[in-house]
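Asker: According to TrEMBL, the record shows the following:
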- E283: active site, proton donor (ACT_SITE)
- D416: active site (ACT_SITE)
- E523: active site, proton donor (ACT_SITE)
- E548: active site (ACT_SITE)
- T634: Ca(2+) binding site (BINDING)
- C479-C511: disulfide bond (DISULFID)
- 117-163: region 'Disordered' (REGION)
- 42-62: transmembrane segment (TRANSMEM)
Amino acid sequence: NFLKVHLCSYTRVIPSLPFSESSVFLPGVSASGMGLRLSQKFVFLLFLSGLVTLCFGALFFLPDSVRLKRIFLSKNENPAVTVGSDNELSKKVPGDPEHLRAGLKGGEGANVKLKVSRKPSVTHGARTVERSVGSRAQDERSPARAQEPAARDERVTSAAHNGERASAYSYEAFKKCLLKPALGKNKGTPSDSETLQRREKVKEMMKFAWDNYKRYAWGQNELRPLTRNGHIGNMFGGLRGASIVDSLDTLYIMGLMEEYEEAKEWVQNNLNLISNGEASLFEVNIRYVGGLLSAYYLTGAEIFKQKVVELGEKLLPAFNTPTGIPRGVINLGSGTSWSWGWASAGSSILAEFGTLHLEFLHLSQLSGNPLFTEKVMNIRKLLNKIEKPHGLYPNFLSPVSGNWVQHHVSIGGLGDSFYEYLIKSYLMSDKTDQEAKKMYYSAMEAIETNLVQKSPGGLTYVAEWRGGILDHKMGHLACFSGGMIGIGADDGPTEQRQHYLDLAAEITHTCHESYSPTKLGPEAFRFDAGAEATATRLSDRYYILRPEVIESYMYMWRLTHDPKYRQWGWEAVEALEKHCRVDAGFSGIRDVYASTVSHDNMQQSFFLSETLKYLYLLFSDDDLLPLEDWVFNTEAHPLPVIRKTCLFESNFVL
Ligand code: DMJ
């Protein structure tokens, strides 16, 4: 009994051992073990060592959360498989063929079921998240996936280190490295009166949305315009003021200076980063980190830099996984992280861990701490090396094994901004990041070969791919791809440049086609069973003030100056005014095909950050945030191109 209980002390293991109680004791041997013959002692020791080996081996099959496993195995777990970070650059990549053989093989053949909810909700409608209405990520998470906060890298919080390096950062040097003034010669004021009037209208919409948020929901995350109260939600881990942080740069660009000052003051006095809630790493990064970074770069106000570096450090523990691929949810206080409960087999989501690169590079830039860059370069390295089915990147990857978990590929929800960040990483590096460039154009080639389709009515669209089978649908989220393919056209292979620009225009046209008859578009539209860019399911007909179609109009306008894009943008302004403006703000609508509008009572923060900003830029001259100097993160926060040589010459310490 002693042997059974103490050598194999984890009770769940005992019943599964291949020994019966009597077989623990050898025949002819007294229980005390005294007076044994030498051969009996040898057999006994042999048996004992076999038992110990068996118990140790069994540890590998225990869930990660079992304390015994963490005690015995945790020390080796992280360093052994983290690629390229914390001096582990030379270690083995879990995605290489050797690991693929040993690891959890995912894909079509794997016995894993996709649990992603297809219900509409997405109150914080990220491109990456499809989840059921009102679901709480922390309720859905699988408890077995809970991770202990791994030991914090001492470089993370070393104030002395950051202080010393950060003080070397010179805002003045940065400004000298811009090719043009950020706000243009005349703040982008267009010369023709009609465009100017349209721009003024958009500015008025921003002021209206802001004033109502301020009046009814100040300090909370979003405004509920029908009930005239605030919404906090569960995406930001106890952080507040999402609409404020998301609006800083829009207010500043539009010259709403009083409002900008109020927002800045709130950040200074009320943005409390000491929070213990569970946050979406992706959402906090794109809205808060992105919002604070661009506010800093546009204004030079130190408070934004200070806050963003502090917040960035709180996100780092999410990367403490066997592969360094972060999990989707993090407790900002304890650093504990989880995978989303709805994500297939505890996987991380491509568009979530693939949408950190731009912000994290800037965090290193501002703090002087290379750790941020190392973390995202590690993700890049793994993705670059892993085998890709038909050259495509599936949406689910295990942060433990580094293998794909499901072969669902989409340029819309769950995949989208990963592709966006590849081309934007290249552009933001002053076109020096050749790896990002190569990965982007190879991914584009695979997408064109496998996903891009022409409908019977002649519309070009990007279908979704489920283990080789096409789903002929496009999400509203996927409509950002018109703009993305457009900005990437010029740097593609010479013979492909015009082709990419044409493809961008065709996709943007298709997305415009989906905007009817209200002139607002559904969440998803189909191209089968006679459908041509229309939603066939009632549950796909909602519009939550999303920006993606307008985002593509803005880029296509800048690239082609075809007046139709401004015209289409104006149609959207009129439709927003007609269907989404209510007495106390703007609201999403439940059915874009209904003659009587039903509102969803939510003014999303991305409406202020993206939809209205892209509209404003569409009606501005191109020198307002010129694309030679700025890339927009996926929440439309402008981040400057990093010109290393120039910064170095201007005495900026990298
Ligand atoms: C925004 O938060 C970002 O654009 C994100 O990448 C996807 N979805 C929303 C807007 O639709």
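Using N, Cα and C of the backbone, Cβ positions are placed for all residues, glycine too.
Remember, it's a predicted structure, so these values are computed and weren't measured experimentally.
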Asker: To the nearest whole angstrom, what is the C-alpha distance linking D416 (active site) and C511 (disulfide bond)?
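Answerer: For D416 (active site) versus C511 (disulfide bond), the Cα atoms are 15 Å apart.
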Asker: Going by Cα-Cα distance, pick out whichever of the recorded positions E283, C479, E523 is nearest to T634 (Ca(2+) binding site).
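Answerer: Minimum Cα distance from T634 (Ca(2+) binding site) across E283, C479, E523 lands on E283.
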Asker: Checking the contact step here: among the active-site residues E283, E523, E548, which have a Cα within 10 Å of the Cα of C511 (disulfide bond)?
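Answerer: Correct set: E548.
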Asker: Between the Cα atoms of E283 (active site, proton donor) and E548 (active site), find the distance and write it as a whole number of Å.
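Answerer: Given the Cα positions, E283 (active site, proton donor) is 16 Å from E548 (active site).
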Asker: Three states by DSSP: which one describes C511 (disulfide bond)?
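Answerer: SS state of C511 (disulfide bond) = helix.
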Asker: Filter the recorded positions E283, C479, C511, T634 down to those with CB closer than 6 A to an atom of ligand 1; keep them in sequence order.
Answerer: T634
Asker: Give me the Cα-Cα distance between C479 (disulfide bond) and E523 (active site, proton donor), rounded to a whole Å.
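Answerer: Spelling it out, the Cα of C479 (disulfide bond) and the Cα of E523 (active site, proton donor) are 10 Å apart.
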Asker: Check the DSSP secondary structure of E523 (active site, proton donor), expressed as helix, strand or coil.
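Answerer: For E523 (active site, proton donor) - judged by DSSP and reduced to three states - the answer is coil.
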Asker: Taking the Cα atoms as reference points, how far is E523 (active site, proton donor) from E548 (active site) in Å?
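Answerer: About 11 Å separates the two Cα atoms.
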Asker: Could you tell me which of these active-site residues, E283, D416, has the fewest other Cβ atoms within 10 Å of its Cβ?
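Answerer: So among E283, D416, the active-site residues given, the one with the fewest Cβ atoms within 10 Å is E283.
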Asker: According to DSSP, does E283 (active site, proton donor) sit in a helix, a strand, or coil?
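Answerer: E283 (active site, proton donor) sits in a helix per DSSP.
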Asker: Among the disulfide-bonded residues listed here, C479, C511, whose Cβ has the fewest other Cβ atoms inside 10 Å?
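Answerer: Counting other Cβ atoms within 10 Å of each of the disulfide-bonded residues C479, C511 gives the minimum at C511.
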Asker: Taking DSSP three-state, what's T634 (Ca(2+) binding site) in: helix, strand or coil?
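Answerer: DSSP call for T634 (Ca(2+) binding site): coil, neither helix nor strand.
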